[in-house]
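A short write-up of the structure that comes next.
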Ligand code: HEM
Ligand SMILES: [Cu+2]
Ligand SMILES: [Cu+2]
């Protein structure tokens, strides 16, 4: 077919001895629909995630516009609830998780010296079912009665007896997202276990690979639990079961136990790959080896194990027995220890390094500081008596946005800037990128920091209108929100500009970076490591 | 569009128009427990700040002094067992120190024994119901902020969204036990000044307690997303001296008796249609409009409209029945024990004649009473 295309994308730089035959590559939409190439699929995931990020962001703008001043101005409370719900679902399942899967696709084979993911056809499926899941979810917003309005945590019986009919679509779309995640996770595990280049021993794996391996096990463990709980919601609502209905012998609090048994590991699913990214970027721009590699691996593993023992810290007010509250308080506090180890290791890596501040490093540094602030508020939330005051207020909203936006999302942006030269073959526009960084880091703190105060002053979360005393701070928060939203358009501009052209990137554009991905040319050829590399 | 423009203008000119002071920290509250919780909060906050200052301090130091542009050359170390053990063990010890007072406070908070007074708190979409054990007093407590204020047609009052028609009245210096439950979805009863936040779960009963030190009015809100008007079900507690509380109890018991008599008398009374319509409109706006909307249109797919609906223009009996008994498995509550027979009669009359329904029917308190008797047979 298009041979010109084929040769430019397929650099054949891995030596002339490759014995594989290429089928001619389809062009246009077919290339993307049928692709089994890890780089193509990675690209699809990343673009999908960015589109979802903007979609969920638009909903956040609706929320912040309504909360700009007290009173009901723009939207009805029922629609407001749909916005908070779908915003949460889209950001968690549509923006953060697919972005990490995209990065895994692009990077894991290149980092371990493998030619592709182990199960390329499944890889294609796990991406291509995702857009349908989100189309279903979004279309439910236009149904009579509206889309899901029970919060991203969909507590029963609000999500069963009292939910709109579109709940069936919500359940179905979560099923599809779950299947996609599980397939992605299986692929990651099989690839890492079987396809490492000879000599790539476990303790030589880049931390991004390690953290993703552990994340993949978490995914396989808890996504079925999520699938189970949405199915129970479905049958409670439509088929007369009473899992969560006391009148039929069920228990609404059991819903929360099942949901958070998924939900807490889920939050680590959204942060462990970040730890891997930051552990690549901090050493690169400090020009110094990562401090405490082994303890990083052990810390990640212990966080993953502990994450199964803390779920009920989301449920302190549900009326658990005291001993259960104590158990979950202690375990939650314990998680702060391995998390602290990671922070200390990054700081020790920077200590007496030779630091420069390119955009990936700026985002990584902001990650360390702001994620730590989120960790601090997490520690405060772990103290059960204090959590009675914080729970379900804006303090919690501040906490999880610090760990997810300035944590997970900042790490994703750091990763994008760090590996863009490898992906596109061009250097991104550093000046524009720095604009993106500074406008983001300032606005994000105007957006989320005052939320701590709102929560402490007593403003509950998930309300479309509030008492007069909260007016000023909400106004500041909304302004921060609009600014942060706008700032992300700069990111879009940088990425498009970088794909279109720019300074030619060398194989290794960053002086201090390490890893196999920097040994291949930029842009990375369509097929890499068809013969395994030599690992010293 | 007009709203959008307005918002933009507000953003430019009015950051301080609504200035009321918001506390920037957790309240110390008015109970021994709430003050303990406050101190726990401050201790953990200070610990976090101290760790933050040290860690970020070191980081910023190296960002300033170990930068390449200053000629810094990277050192070679990349592990140190001693240091790594230290920064695992030290945080662990800090956490243990923190866990001790937290455990003590928690155990104290979870001990509702030996209460002087027990009150059952029932949440339902979107109001609270209080029932005083052993005193035969119970009432609903509903948001009293007028709709006009919420929609911006009137200036907002001082206690906008934090005011109710009838507050919960509690004595100070006595241990009050709450039994929380719900009639529909999960709600959460929260008064920051007492550091009490407990979920009201349908079909289950949760316990909490408080002992208030200072008389005053304390405000809180529902803390668990419970549907459309979750933001509109505040809690107001009037804490009064023990003597005043006794007086209040007596007056409430009197009120209960008077009401029962009135209700009895009303059964023999026939109201004119205009009278029924006026009363009916009041009741409708207070109790029904949250779901069925002031204009009777409902929210398609969520709450049914009442304009020319089979119930409101169909048989009177069915209409009375659904108001009295509700519709199980939906958000439609049974109003039999929330409204008097006269009020139910008025609201049914209103619904059957408002918004062009024009059935011409009037329903009297006696009809409601009759409906109840027929049911009992
Ligand atoms: C030191 C580590 C952490 C601790 C001790 C911690 C603790 C907690 C606690 C106790 C809550 C429940 C608060 C409440 O509802 O009253 C909470 C909520 C939450 N945390 Fe964390 N957390 C930590 C790190 C993280 C991380 C890394 C993430 C995600 C990347 C995260 C995401 C969330 C989310 C999303 C919620 C709110 C869920 C909801 O109710 O919608 N947390 N955290
Ligand atoms: Cu959690
Ligand atoms: Cu509520």
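Just so it is clear, glycine is given a Cβ too, placed from its N, Cα and C backbone atoms.
TrEMBL: automatically predicted annotations, no manual curation.
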TrEMBL annotation of transmembrane segment - which of the ranges A:207-234, A:235-262 it falls on: A:207-234
Overall pLDDT of the domain 'Cytochrome oxidase subunit I profile' (A:32-536), taken as the mean: 96
Remote residues contacting the transmembrane segment (A:476-496) - C-beta distance under 8 A, at least 6 residues beyond either end: 50, 53-54, 57, 60-61, 64-65, 67-68, 413, 416, 420, 428-429, 432-433, 435-436, 439-440, 442-448, 450-451, 454
Contact check, the transmembrane segment (A:127-147) vs the transmembrane segment (A:44-65), 3+ Cβ pairs under 8 Å, seq sep 6+: yes
Of A:167-195, A:207-234, A:327-348, A:432-456, whichever stretch has the most CB pairs under 8 A to the transmembrane segment (A:395-420): A:432-456
Close approaches to the transmembrane segment (A:297-315) from elsewhere in its chain (Cβ under 8 angstroms; 6 or more beyond its ends): 203, 207, 210-211, 214-215, 217-218, 221, 253, 256-257, 260-261, 263-265, 267-268, 272, 275, 324-325, 328-329, 331-332, 334-335, 338-339, 341-342, 345, 381-382, 384, 387
Surrounding residues of the transmembrane segment (A:360-383) on its own chain - C-beta under 8 Å, 6+ positions past either end: 271, 274, 277-278, 281-282, 284-285, 313, 329, 332-333, 336, 339-340, 343, 346-347, 390-391, 395-396, 398-403, 406-407, 410-411, 413-415, 417-418, 434, 437, 441, 444-445, 452, 510
Other parts of the chain folded back onto the transmembrane segment (A:267-285), taken as Cβ under 8 Å at six or more residues beyond its ends: 92, 96-97, 100, 103-104, 206-212, 214-215, 218-219, 222, 296, 300, 303-304, 307, 342, 345-346, 349-350, 355-358, 360-361, 363-364, 367-368, 371, 400, 403-404, 407-408, 411-412, 414-415, 418, 510-515
